[in-house]
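Okay, structure first, notes after.
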Amino acid sequence: MKMFQSFFSNYIDINFFRNATLDQCLLLFYLSLFSLTNLFLIQKLFHANHTQHPLKKYFGETCLLEYIQIILSIVSAALSFYLDTNAVWWAIRTITHLEIVGLNILSSLKYGSTLFSWISVANAFGLLLLRLISIYDFLTYSSWSFSVKGGSFLLLLPLAYNITLFLLVIIPLFFPRAWSPTVKFSKVARPSPEQTCSIFSLIFTYGWLNGIIWKSWKKPITLTDVPALPDTECTQIWYSRFAKNDRKSLMHTILLSLKSTILLMVFLSVLVSSTLFVTPLAIKKLLQYLQNPKSDEGNSPFLWVFVLLIGPYLASVVKELYVHVSRRFMLRIKAAITQMIYKKVLTSKTLFVAVDGSKINLDYVYNLLAKDVDNIGEMREFIGIIARAPLEMGVSMYFLYQLLGWSAYVGLLLAILSSSFPLLVASKISRLTSIANTSSDERIRLTTELLKSIKITKLFGWERPMLSRIQEKRSFEVNNMYSLTLFDIIFKSGMKIAPFISMFITFAIYTKIMGHQLTPATAFTSISMFGLLRYQFIWLASVSRQFIQFKVSLKRVDNFVYGNMVNDSSIESSDSFVFENTSLSWSPTPSTALFQLKNLNFTIPRNQFTLVVGSTGSGKSTLAMALLGELHVISGKMTTPSISQRIAYVPQAAWLRNGTIRSNILFGEPYDEERYFQIIKACCLDSDLNSMNDGDLTYIHSNGSSLSGGQKQRVSLARALYSNAEVYIFDDIFSALDVSTSRKIYESCFLSTLLQHKTIILFTHNVSLCLPIAENVIVLKNSTAQLVSPDSIQELVPSTFFSSNTKKDNIEEENLEPHSFSFDSTLASSSDNDEQRDFASNSSIVLLGLHYLKYFGSNKYILGSILLVMMSQVSLASIHFWIALWSGNSLFSLKLPSSFSFLWGYAILLFIYFLMDLSRAITFAKGGRTASENIHDILSERVLYSPLHWFEKTAAGRILNRFSKDMYATDNLLWASLEGMLLCVMAILITMLNVTLVMPIFMVPAAFVSLLVYLHGYAYSKAQKQLTSLQSSRTSPVFTMLGETLGGITVIRAFKKEKIFEHENMAFIDDMIQPLYISFAINRWLAIRTDGISGLVGFSTGLIALLRQNIPPGLVGFSLNSAIGFNISVLVFVRANNEILTYINNFRRLYEYMLLPSEKNESSCLTKPMNKEWPTLGHVSIKNLTVSYSIGQAAVLEDINLEILPKEKIAIVGRTGSGKSTMGLTLLRFTMIMSGAVEVDGIDINSLDLEVLRQRISLIPQDPVLISGTVRSNLDPFEEYGDGELNEILKTASCESLVQASNKNSLDAFAIHLDTPVDSGGVNFSSGQRQILALARALVRKSRIVILDESTASVDDTTDRRIQQMLRAAFKHATVLCIAHRIKTIVDYDKVLVLDSGKTVEFGSPKSLYTQRRAFWKMCKESHISL
């Protein structure tokens, strides 16, 4: 009763009311009610604003409820002035009410009600501050007394006033807030609940996330279920701000653009540091009271127990608010810099040739987005540590000095020395990190290239050597990672032990030299302070490594974004293309150029048809790039059409986007139905679209992989024609079309009104088709160009350009055969469905964990690792327990050792802890290394030996994600998270055991808290898993967009569609940020609840100790210290458990690939011994052959019977989908033989080892693939031949003119030798040169059986004739099967096989089949060939 009396006498301030008259008291109470009513009216007002209240049309922008608010505010003001009194507290209350009234009116009339909630909160906390004085007086009692003069009425009235005032403080915190879009261009169609929730939900509970938590508990969520991204976080806002504050330095740009956010983070960091000392102070005060209850009668111990309850929660509120703001800071950086990188891609020269001449690998750009952008975002950690570390260290040392006197200076000295340790090892960490990153990038680069060239790898049977190359890179990478990990472990262990050493030396000086008694209050408060220091040192150690990575990433991104800023001042604008003594190069510095066009002097007339011709490798495509402004002007002057003239460009290799055929043709232009179908017909697409189920709405994947080469080219042509541009540049558009389609397109496009009065520049080999309408001709030769009239062209170019056979006499435009292999999609793309699959179930998680441990080490090794975790945690707890015994020595009845013995015991325990902790970390790191090696070896082997059709249906980006993102998580994070979770489990168990031994009743609150934390953790985990999955699925489009842009950058810039692509990319970034933002936010949701719930543990421990007077203070301190650690361990355990689930999911995806069916497992037992030189004859016998691509699918070849004699030259022809390419693949066992057999020199190919089979039979594909390295490594990857032999093969493969080239710097005269560098994919060679090198590669093998799949499609007719002659001479002793698309190339073959729908139609010599006047005769007639 006395406590309640004291409460009323202190809290209600009854003495102030005693001097007031009754009417003044009533009016003040009435004033408070008006203020409270005013708040409720504002709440109604919010809903009126949000739903566009109908009364607004009568009252304008200010609705009726706002008028009511203003009237009530005036009444409140009048009532406040009536309360005229000289009392100071009455004046303060009146001023406070006037402030509320004035701000209410101001917010209503000028700023709108959106601001009101924040104003109310500010005033509410001001009023709350007045109340805290009385609350503190109550809790820090000296005596309980109560006396009221004036009766019970004067008691009830102020009580009602204070209740009203309390509600005035609380209610604004629960009001929802009004929302209006921040920017007009915001994509957000709905407000984020974060922007409309109450202040209480926003800051104190993160209750605005309850909806997504509940949805994820009930069902799988989709992106539409995720709360909208606040429109204040949209990419366009922050990209625009970065662009506005651009200082050509990324660091300066970030600081200027986010300065307000940085200042807020610094302010919150200071608050976080301040709240950290509340709990240690409460422990100290409580222990002092327990040591001597009569020492300070002015303080209530219940206050400090209450602080143990509320202190961790308030500290958590401030800390999580800081983390939330810092995560916003990070995501704003991620969004803006990602867009900056994309904008740089859009504005960089083709091939990304840097100023120094070096080429930036495209994988480099992907790494910038995947790693470096996130590393830069982690600068939030540096802001936090810069603001917090000095303050926390300084305050910790001040408290330590207050506790331990001058001995604390020793600890300060050690702290300074320890804090400088990261600086001393920074260079070492930087070097190791750089080496590890470089080795990882090299492995990813090699893996990427392998995926790009997987078809040629499997065709040539190169799996084993390619696997050896990858494993060699992998071994180097793992060794570097392990070295870095070991150094990091030793470094962090030293940083962790430093505060313990400092504590040991400080206690030794305090007790042995200064002669003081170490009391529990002093000891355990010091432990808390040293714990804060220890945390700072660990943080410094962690951040120092992050800082190194940050600097490296910042430099890389800065160099990319602001590097290569070359402005060609020599390029001017006019009405047409003009070259005046112009020299052009891919590089801005001519000394580093691989190729140049020199001394160009000509003008391309406007609105005329100009034909550009030249031999293979003469530089036609290079000139096309020059016209588009993609080359650098080295000397002279170049003039291009003004920006008002639109340019339409059709590249030689068609570029299409993910989307429908219609969207690819429209390409951002408005839909005009009449013109659209006119273009469709002109491009001969009408029949193709009619054959598709969805017509022009058929969805095509990246680069149109589901379309044939001719279809892709015609869609690309339709896109150009639909744009209705002023200038058209066509780069060899007829090479992918058959003769009939070429003629139709020539007539419907070039001879129609579609291209009338347009500037047309056509690069082509098909001179005879287009010359009749050409008004000008540009002839490319010897790295220069000459503009001539059509009449004089025959004097400058070979006569073969005009021969009757120069037409492309393709049998028919080749569609992709059913299930044929196509692997030209971008490596950045991956299936959303794959990434968005549900995480593994709980049971499968356990199984996956056990599978991982199988690769981690033996059972004994795993058991030893777990024991080391337990021993390290036990040794850590033993240190604190030893200090408890030491500090409570005088309070125990037992005979305990002297203080000197305690010091030695402390030192021994310290050494044991260091040894156990170091051993535990090294053991787990070594196990993680073993697991990484084993997993990658199995993964790479399984993927490399997978059937070719698996690569067809599996996106290349998905495979690359396994070897990069998922492998990185397994290499570095999975074992570390497993270790961290085990540490948390042991810490929780040991904490509960420690406190329970001292206070058995502690098990009750501990069990209750554990249950609550488990339920919250389970809800959190379900939501986090699904958000992580969504995040993965929404990240892929950003990389896919980048890949698409890189593939079609010249097309995008030519059509001037950069703005469309920029906005589309920003939309993708917003979609990527949305689940990531919520994912970070629900971490705050969990942390603030876990801290609040776990605060019950410290509160329960303190309350039990206070109520039970028989527990020694030393053990109470030990229990409290353990209980506070329990809070942290519980939260870390929940997060570690979620991390384990995430990283186990990464391992699950790897494990799925580790179980792929392997071609290597197929039978390789020979039915009879095989000659090492097999096949010696090249005799092929096919008997009753029926094949399909996989089990359960329809047959693609049926009942084929052939007898191919040694050295015979067989041509395989047929219409689209007839099975020509399938026949070639069957000989190499890329299909499944359902019945029949194929024998080579009498041996069934099913009985042969696949690698042997594919190494002995050569298939030259239509699409030549070169691997980075040199010409030598491409011809002879296993180094089996000498230079002399390889040079002879180069000459034989029609490359003699290239090998014997002069020093002229031209592409057709550029000296190719064995050491000539080859870029990835051979991009530094023309398509014709790549095809010639691919032919030379086949010649090196000297195979007895050679399969040619239209291997001359990318060369001009002159080169084609030379290659055909070379093939006849080089393979005269070999059996040749030519899959032909041009009749003219096979008329002199021994036999022709005509296929139709997978069946044999005709088989015999060309002349005999021609005389039969059947299928082959019709093909010859269509190609205008007579035999």
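From the backbone N, Cα and C atoms, a Cβ is placed for every residue, glycine too.
What Swiss-Prot records for Gly614, Ser615, Thr616, Gly617, Ser618, Gly619, Lys620, Ser621 is ATP 1 binding site, and it gives sequence analysis as the kind of evidence. DSSP assigns Ser621 (ATP 1 binding site) to a helical segment in the three-state reduction. Within 10 Å of the C-beta of Ser621 (ATP 1 binding site) we count 19 further C-beta atoms, all protein chains included.
DSSP gives Arg1215 (ATP 2 binding site) a coil state; it is part of no helix or strand. According to Swiss-Prot, the feature ATP 2 binding site maps to Gly1214, Arg1215, Thr1216, Gly1217, Ser1218, Gly1219, Lys1220, Ser1221.
Summarising the annotation, Swiss-Prot assigns domain 'ABC transporter 1' to 579-807 and lists sequence analysis as the type of evidence.
Among the features that Swiss-Prot reports, domain 'ABC transmembrane type-1 2' is placed at 862-1142.
The domain 'ABC transporter 2' annotation in Swiss-Prot covers 1180-1422.
Positions annotated as N-linked glycosylation site by Swiss-Prot, on the basis of sequence analysis: Asn49 (among others).
The annotation N-linked glycosylation site is assigned in Swiss-Prot to Asn437 (among others). Neighbour density for Asn437 (N-linked glycosylation site): within 10 A of its CB lie 21 other CB atoms from the protein chains shown.
The N-linked glycosylation site annotation in Swiss-Prot covers Asn567 (among others) and rests on sequence analysis.
Feature annotation from Swiss-Prot assigns N-linked glycosylation site to Asn581 (among others); the stated evidence is sequence analysis. Cβ neighbours within 10 Å of Asn581 (N-linked glycosylation site), excluding its own Cβ and spanning all shown chains: 11.
Here Swiss-Prot flags Asn601 (among others) as N-linked glycosylation site. Asn601 (N-linked glycosylation site) falls within a strand segment according to DSSP. Other Cβ atoms within 10 Å of the Cβ of Asn601 (N-linked glycosylation site), summed over all protein chains shown, number 14.
Summarising the annotation, Swiss-Prot assigns N-linked glycosylation site to Asn703 (among others) and lists sequence analysis as the type of evidence.
Here the Cβ of Asn782 (N-linked glycosylation site) has 16 other Cβ atoms within 10 Å, regardless of which shown protein chain they belong to. As annotated by Swiss-Prot, N-linked glycosylation site applies to Asn782 (among others).
Here Swiss-Prot flags Asn842 (among others) as N-linked glycosylation site.
Per Swiss-Prot, N-linked glycosylation site is recorded for Asn994 (among others), and the stated evidence type is sequence analysis. Asn994 (N-linked glycosylation site) has a Cβ environment of 23 other Cβ atoms inside 10 Å.
Annotated N-linked glycosylation site per Swiss-Prot: Asn1161 (among others), in sequence order, evidence recorded as sequence analysis.
As annotated by Swiss-Prot, N-linked glycosylation site applies to Asn1184 (among others), with the evidence given as sequence analysis. Taking a C-beta cut-off of under 8 angstroms and a sequence separation of 6 or more, Asn1184 (N-linked glycosylation site) has the following same-chain neighbours: Asp1199, Ile1200, Asn1201, Ser1235, Gly1236, Ala1237. When secondary structure is read from DSSP and collapsed to three states, Asn1184 (N-linked glycosylation site) falls in the strand class.
For Gly1219 (ATP 2 binding site), the spatially nearest entry among the recorded positions Asn581, Asn601, Lys620, Asn782 is Lys620, judged by CA separation. Highlighted: of the candidate stretches 489-509, 760-780, 1086-1106, 1223-1243, 1086-1106 has the greatest count of Cβ pairs under 8 Å to the transmembrane segment (197-217). Of the two recorded stretches, the transmembrane segment (298-318) lies close to the transmembrane segment (1086-1106), with three or more CB pairs under 8 Å once pairs fewer than 6 apart in sequence are set aside. Of all the recorded positions given, namely Ser615, Ser618, Asn1324, the one with the smallest number of surrounding CB atoms inside 10 A is Asn1324.
If you count neighbouring Cβ atoms within 10 Å for each of the binding-site residues Lys620, Arg1215, the highest count belongs to Lys620.
Taking only the Cα positions, the spacing between Gly614 (ATP 1 binding site) and Asn1324 (N-linked glycosylation site) is 18 angstrom. In space, Ser621 is the closest of the recorded positions Asn581, Asn601, Ser621, Asn782 to Lys1220 (ATP 2 binding site), judged by Cα positions.
Of all the recorded positions in the list Asn437, Asn601, Ser618, Asn994, Ser1218, the shortest Cα-Cα distance to Asn1324 (N-linked glycosylation site) is found for Ser618. When the CA atoms are compared, no binding-site residues among the candidates Lys620, Gly1214, Arg1215, Ser1221 lie within 10 A of Asn782 (N-linked glycosylation site). Around the Cβ of Gly1214 (ATP 2 binding site), 28 further Cβ atoms fall within 10 Å across all displayed protein chains. Note: Ser1218 (ATP 2 binding site) has non-local neighbours Leu1395, Asp1396, Ser1397, Gly1398, i.e. same-chain residues 6+ apart with C-beta under 8 A of its own C-beta. Comparing Cα positions, Asn581 (N-linked glycosylation site) lies closest to Gly619 out of the binding-site residues Gly619, Ser621, Ser1221.
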